[in-house]
Amino acid sequence: MTLGSFRRGLLMLSVAFGLTRGDLAKPSKLVNCTCESPHCKRPFCQGSWCTVVLVREQGRHPQVYRGCGSLNQELCLGRPTEFLNHHCCYRSFCNHNVSLMLEATQTPSEEPEVDAHLPLILGPVLALPVLVALGALGLWRVRRRQEKQRDLHSDLGESSLILKASEQADSMLGDFLDSDCTTGSGSGLPFLVQRTVARQVALVECVGKGRYGEVWRGSWHGESVAVKIFSSRDEQSWFRETEIYNTVLLRHDNILGFIASDMTSRNSSTQLWLITHYHEHGSLYDFLQRQTLEPQLALRLAVSAACGLAHLHVEIFGTQGKPAIAHRDLKSRNVLVKSNLQCCIADLGLAVMHSQSSDYLDIGNNPRVGTKRYMAPEVLDEHIRTDCFESYKWTDIWAFGLVLWEIARRTIINGIVEDYRPPFYDMVPNDPSFEDMKKVVCVDQQTPTIPNRLAADPVLSGLAQMMRECWYPNPSARLTALRIKKTLQKLSHNPEKPKVIH
């Protein structure tokens, strides 16, 4: 037994049993990495570093695997051999475009001989871990075989649905998303189809920019889609939003429709794309600056937004269920207006999930904070209970009350309407600091002034009362999203079709 072959055996064993995947240790600082291997459940993963492994098994072509590592960092220091090359890097997605090579095949005489007693010494030491690993591998293969059998039926269904969509000239995207061709969550396309769609999207025009990056209108087989391109500093938001859309049942008329998520290389840099339905009216913030509203349209916008928030907040049980979700960055810029003049909620990059069955609160790993202008008093004075999911829902309700106020200002009553203004426009600067908002909301206990003219309309007076109940200083006294939804639906009893007043 030679030293080279002994080292190869240990390295191959480590790779074969996934010891660099980071499943056994909690990394202190996480990076996002491309994940391409049989055990990848998503096209990305998180770990302490990114890995690329090039392996050549006897009689086969070399195989490339990409993933994450959180332990066994000594493998990163190994030199390449004719069978294995293992590369580690420490920036997000640094393993996306790395190419490796194997050493030229060596003759046995080139490898130094190892002490003949070494196998006798190491044999008993290695026997137990090897047996345990082999048992684990056997169990994994059995489960993998069962999963493949289950997936076979869904894959066949997906293929037929994709062909059907290709044959129909109108609304290919609709055929994809309205069918059962999903990841199983009902939230988007299968991962391989997501990647295919992303590579077929052509960017047409930039329709928005912000601290997160840019939003483009794209074209896919003649249909418009929205492409949100995240900046490198906001990659955790992309990761979180992709994670939620791919694991949670979020198909709802009043939640922005998800299509695909992918990493692409443009101009020698990695771009993070989130592809969603395109809504030409843009955000509610943009819509309210351009349009004034009749009372019925104002209620239509409010009811639909409340329906989306209620769907996020509720936990649905069963095989097609979903955990409860709190948005944490609700504002008029993160609410879109659809062509039917209903709202849908977007941007889940800060969302928090909670499951009652496991009592697990999934906060994510995003250092970004919400928008200061829409922060609830308990967030500003740092008294929020971060270990309690209800606390996050209560902050959403505070912010939703501010969105209702923005809608109410642009509603025409007796021929009177105000210009669009953001909440607290007359109390804080255009870009308020944390301290600015804390003084106004917590110290002075101010809330936006509700227009007196709302009292002249029996329906909108109910909307005004709802705002006040969203802004109670005591978070637990605020309305729930479900109560807001039901109350608004009662107020909106008039079936007259809404109109936009220019």
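Numbering starts at 1 and runs along the chain as displayed.
In case you wondered, yes, glycine gets a Cβ from its N, Cα and C as well.
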Region 'Mediates specificity for BMP ligand' per Swiss-Prot - which of 72-75, 84-87, 168-171: 72-75
Which candidate, of Ser159, Ser179, Ser187, Ser391, Swiss-Prot gives the annotation phosphoserine: Ser159
Residue among Cys33, Cys35 that, according to Swiss-Prot, closes a disulfide with Cys40: Cys35
Recorded disulfide partner - Cys50, candidates Cys33, Cys45, source Swiss-Prot: Cys33
Candidate with the highest Cβ count within 10 Å, taken from the recorded positions Cys35, Cys89, Val207: Cys35
By Cα-Cα distance, the member of recorded positions Cys94, Lys209, Arg211 nearest Cys33 (disulfide bond): Cys94
Inter-residue Cα distance where the pair is Val207 (ATP binding site) and Cys88 (disulfide bond), in Å: 38
When distances run from the Cα of Cys45 (disulfide bond) to each of the recorded positions Lys209, Arg211, Gly213, Val215, Asp329, the nearest one: Gly213
Spatial neighbour of Cys94 (disulfide bond) that is closest, considering only the binding-site residues Val207, Arg211, Gly213 and their CA atoms: Gly213
Assigned element (helix, strand, coil) containing Cys40 (disulfide bond), judged by DSSP: coil
Residues near Asp329 (active site, proton acceptor) in space but at least six apart in sequence (CB under 8 A): Asp347, Gly349, Leu350, Gly370, Thr371, Tyr374
Maximum Cα-Cα separation (Å), residues Val207, Gly208, Lys209, Gly210, Arg211, Tyr212, Gly213, Glu214, Val215, Lys228 listed as binding ATP: 14
